[in-house]
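Now, the feature entries from TrEMBL:
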- 99-226: domain 'Type II secretion system protein GspF' (DOMAIN)
- 34-56: transmembrane segment (TRANSMEM)
- 62-80: transmembrane segment (TRANSMEM)
- 212-234: transmembrane segment (TRANSMEM)
- 240-266: transmembrane segment (TRANSMEM)
- 287-311: transmembrane segment (TRANSMEM)
- 317-335: transmembrane segment (TRANSMEM)
- 460-481: transmembrane segment (TRANSMEM)
- 517-536: transmembrane segment (TRANSMEM)
- 548-569: transmembrane segment (TRANSMEM)
Amino acid sequence: MSTDSQSAPDMSARSLLESLNMAYANMDMSASRYLLLIIAPAFAFFVGSGVAVLVLGLSLMVGLPVVMLGLLAMVVAIIYPKLAQDRKRKQIRQRFHLFLTHITVLSMTNINRVEIFRTLAEEDEYDALAEEMGHLVAMVDTWNQSLDDACRLRAKQTTSPLLTDFLERLAYTVGGGQRISDFLMDEQDTIIQQFVTRYEADLAKLDVMKELYMSMMLSVAFILVFAIVLPILIGTNPTLLIGGTIVMFSIVQVAFIYAIHVISPYDPLWYIEETEGTGPLNRIPRAMAIGIGCSIVLGIVMIAAMLGYVPPIADRAPLPIMAAIPVTPLLLPGWRMRQEEQKVKVRDGEFPSFIRALGAVESVKQTSTGSVLESLRRKDFGALTDNIDALYKRLNMRIDDIRSWRLFAAETGSYLIQKFGDMYVVGRQMGGDPKVLGQVISENQNEVLKVREQRQQATMTLIGVLYGITASAVFSFFVGLEVVEIMMDITSEMNLGEQSDIAGSILNTEQYNIRTIEFLLILTIIINAGLSAVMIRLTDRGHMISALVHFVFLTWLGAVVAVVTQYVVNVVISV
């Protein structure tokens with residue numbers, strides 16, 4: 001039993017060292033050069049930080065962070081190749097379904113096999129995949145390798161198991177004389193199913209992160225309540241203690257935001273580009289200007305009220321409500337963006353049926369896309385109908401096909417429509433069968449839309465958790481604050497002669513500034529609202545401006561809960 005428990009860490013450490021060694025072997029620069037240029041200076045910085053602490057005689061509170069900073073620099077320098085390798089592997093995994101659709105579309109055209117990979121290498125959006133395709137093309141062009149040999153060699157060098165498996169099977173297919181298009185069509189179902197499985201696995205990880213986040217935030221909320229009440233007994237400065245806890249509260253949230261950004265599937269909703277027509281974001285700048293302008297005006301009014309220049313507001317409005325009022329106008333741009341996002345999602349849902357119909361009719365009529373759109377634009381494709389009509393007009397005016405489709409995608413605002421629309425028009429220009437192109441693109445986009453529905457459900461669950469945590473945390477914050485205020489009232493009313501000194505030594509309330517602490521708690525509400533809104537947007541990959549809706553709602557939720565808590569606690573105690 002003990003042998004098994006000891007071997008597990010050994011195997012874990014061994015696998016970590018092996019992966020680190022592989023990362024160094026696959027770097028663009030040699031390991032010796034990296035050691036000289038990166039690791040050696042980092043090590044010198046670490047040693048120098050320790051020497052500086054000893055020479056200057058810095059205290060532990062100051063010297064320890066300096067030494068830890070040097071240690072962090074050295075550790076990051078050592079593991080950076082592994083981090084870069086993991087980032088490339090993630091980029092390949094996240095974009096592989098689009099890459100597969102793209103290479104399938106290109107394989108159905110009349111271009112040379114090597115040109116397929118050359119075209120993919122020029123797609124900057126594929127990141128690591130484009131880089132791998134560039135290496136593949138370079139091996140064919142520079143080293144005169146056959147395509148199947150180049151695929152085998154690159155399969156051994158790439159760090160992504162997914163791409164390794166694909167290149168090995170592709171090499172076997174090409175070497176056996178089978179057409180690439182036949183192989184890729186056979187692979188469609190398998191690869192898309194793998195994409196769905198990976199997508200669902202990432203969503204499952206988000207569920208785990210949600211549970212962990214809830215536990216961590218409730219724990220930090222308890223610590224903050226403890227920081228509010230504890231100075232009564234130990235006599236420390238409550239403002240400093242609460243401020244430090246709020247910083248920790250924010251750091252925990254930022255760490256979870258980064259974790260969710262890393263874990264959440266890379267599947268952007270928006271495609272944003274300038275267009276001569278009516279774009280989805282045309283109304284947003286004006287709404288932003290109005291929202292920010294009104295927020296600034298209301299903020300000035302609320303500050304003047306707190307300073308006593310507007311007595312009616314200061315007398316009637318509780319402080320949490322006064323803090324929530326200035327952020328309310330930001331609901332206007334957030335809601336406008338939210339409406340546009342819903343329209344983009346509807347257009348995404350209509351595009352598969354449109355592209356399938358376009359490909360089928362174009363194949364039957366054996367004519368241009370513009371001629372087919374003349375009849376299709378009269379059909380009802382929901383929110384996409386007006387955009388199809390604009391696309392027809394551009395093509396009818398003999399505007400460049402690719403440019404017309406790009407403007408069509410810009411007016412829809414959809415990332416998927418831009419990617420799949422580009423694939424279709426390029427495939428048609430290179431002689432691909434429009435019917436097959438339309439079928440492949442529509443089937444793949446439908447699969448993406450299905451997993452997007454699951455992501456939306458996960459987002460709604462996260463929203464419920466964040467709103468619940470906000471309400472419960474604010475309730476506990478202000479219960480603690482009210483308890484302190486009541487204890488201050490009790491000690492101030494004590495007039496027991498010598499016993500008052502004894503009571504004062506037990507209950508240390510003179511260092512409390514309730515107004516300052518209330519300001520800090522309201523700041524916590526606003527920070528929590530902002531970071532929670534960002535977390536929601538990173539989960540569903542929507543536009544950050546639409547996060548303003550949740551920012552405003554969470555701020556008001558915290559403010560209302562704070563006011564209600566103060567009122568209820570006062571009523572209960574007075575009874």
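Positions of Cβ are set from backbone N, Cα and C atoms, glycine also.
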Before we move on, state whether the transmembrane segment (240-266) and the transmembrane segment (62-80) share at least 3 Cβ pairs under 8 Å, counting only pairs 6 or more apart in sequence.
no
Integer average pLDDT (0 to 100) for the domain 'Type II secretion system protein GspF' (99-226):
87
Give me the DSSP three-state residue breakdown of the domain 'Type II secretion system protein GspF' (99-226), ordered helix, strand, coil.
109 helix, 0 strand, 19 coil
Leading contact stretch, 34-56, 317-335, 548-569 vs the transmembrane segment (517-536) - CB distance under 8 Å:
548-569
